[in-house]
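What follows is one structure encoded as structure tokens, with my remarks underneath.
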Amino acid sequence: MLMNRLKLLTASAGIFVFAIIFGWIIFPQILKFMISKQVTLKPGTDIRALWAATPFPLHFYVYVFNVTNPEEVAMGGKPRVQEIGPYVFDEWKDKYDLVDDVVEDTISYNMRNTFIFNEKASSPLTGEEIITMPHPLLQPAGINVQRERAAMMELVAKALAIVFPDANAFLSAKFMDFFFRGISVNCSSEEFAAKALCTVFYTGEVKQAKQVNGTHFLFSFLGQANHTDAGRFTVFRGVKNNKKLGQIVKFANEPEMDVWPGDECNQFIGTDSTIFAPGMKREQGLWAFTPDICRSLGAVYQRKSSYHGMPSLRYTLDLGDVSADEKLHCFCKDPEDLSTCPPKGTMDLSPCVGGPLMASMPHFYKGDPKLIQDVDGLHPNEKDHAVYIDFELMSGTPFQAAKRLQFNMDVEPVEGIEQMKHLRKLIMPLFWIEEGVHLNKTYTNLVKYTLFLGLKINSALRWTLITLSLVGMMSAGYLFYQKSDALDITLPPKIIKDTNKVANQPRPEKQEQQPTSPVAVPIPGVNLSNPKVEQRARY
């Protein structure tokens, strides 16, 4: 009986320890190891194929700010805008000219984005709506010359009048013309001023312009980015070190940028946003480099979330306050002079794109309140305008995400150009975009049945074993308690036999009790049939 209790206690304790060690230590490590071997950019793997050509489109939304009082604004009035959108596009991503470097464990490739207008999702918008915006060529040209080449203002003003006859500070055109088909630029004039101005188009300095023939160009915000090379990347494949998977080594064949007045701001941090390493820590954040703004941005953990019943973590980001963060001072025009820093929640893109453009969150969400006060019609809120990513750390899978960014013009009055001399100094919103993804069941099921099913089985197994082991240990403890608490009295066989004999004898007649005589009490181990012993026992 004692041996059985010890066996039960030992077995239960062993199961308990096994459940703890295997369930919380061994199994997760095995799972992480298996994932790390599968999630690499090694040729021939499923992950490599999905990464090289995304088999589903991302959603790409464009919201444009239509200026409803352009004449008033041109004379110094406060802008009033009306948001129109979303114009919905299917964005397909693919990579080409892939070259592996086995020694360095890197892969080089060119990124390409293709936008296809989704008429059904955009309805009732068609793309043919007339939009009024700050003139995308006249205003930037005038502001740039005033800031950097004021001595050339007279020449540039004459050139603008030739190339853009009858142009105003604001331009009304169809949405598709602004963003994809293009605004016509006529460089056919033989005037010296016009030829000097058109040089920037012929040399390719205006990246958004496409040459149609020998004298004409088409300018659009996104046309040149559609189905064209978005830059050459070199990233780690993650075969030798899975923690480095996707991290950018070079962009445009350079190990760092030469855009900002500070090494820290010129670094490539993170991935190209199409892949992340598995098994990251929550506090690491999700970092990605965005060529459009020449900057790496990091999303930070916000809260726990879920997607189709699967647990995930919600990450978010904003542009921060450049003047308040010493690490971001290199995004100021002069890092030593904080007055040259952009307002809170914005980023000066002029060193990156060469024009007076500013980036921000949509509707200046989390920006300086003055930005919102300067323009009527803005209504920032977290639901519609915050950046978010629902991310699963163990597999490195983004379940859903919305990357949102607004582009603005840094407007100021230009004395040398009649159409712009009365403008207010403010940051004028132009449009904002959202690039997002929501994984469908085909791909969420891959995660669910390869990762979460294993985790659920492990959880069920370890808790079952822990429960059984606790029941076993409690049962063993109860049995030990009963053994120690019980009074186990056993008489020798001879005494039991003699006692039975006495019990079977006829009862003697009642005699008068002698008060002074002690009562005869049977004493264990004493032979009561012996008169001498009985006599000693009485006295």
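Note that Cβ sites are derived from N, Cα and C of the backbone, with glycine treated the same way.
Per Swiss-Prot, the residue from C294, C330, C332 that shares a disulphide bond with C352 is C294. Of the listed cysteines (C265, C341), only C341 is recorded by Swiss-Prot as the disulfide partner of C332. Feature annotation from Swiss-Prot across N440, N527 places N-linked glycosylation site at N440.
When secondary structure is read from DSSP and collapsed to three states, N213 (N-linked glycosylation site) falls in the coil class. When each of the disulfide-bonded residues C294, C330, C332, C341, C352 is scored by how many other Cβ atoms sit within 10 Å of its Cβ, C330 comes out lowest. Taking all protein chains in view, 14 other C-beta atoms sit within 10 angstroms of the C-beta of N186 (N-linked glycosylation site). Around N213 (N-linked glycosylation site), there are no C-beta neighbours below 8 angstroms that are at least 6 residues distant in the chain. If you measure from the Cα atom of C352 (disulfide bond) to that of N186 (N-linked glycosylation site), you get 26 Å.
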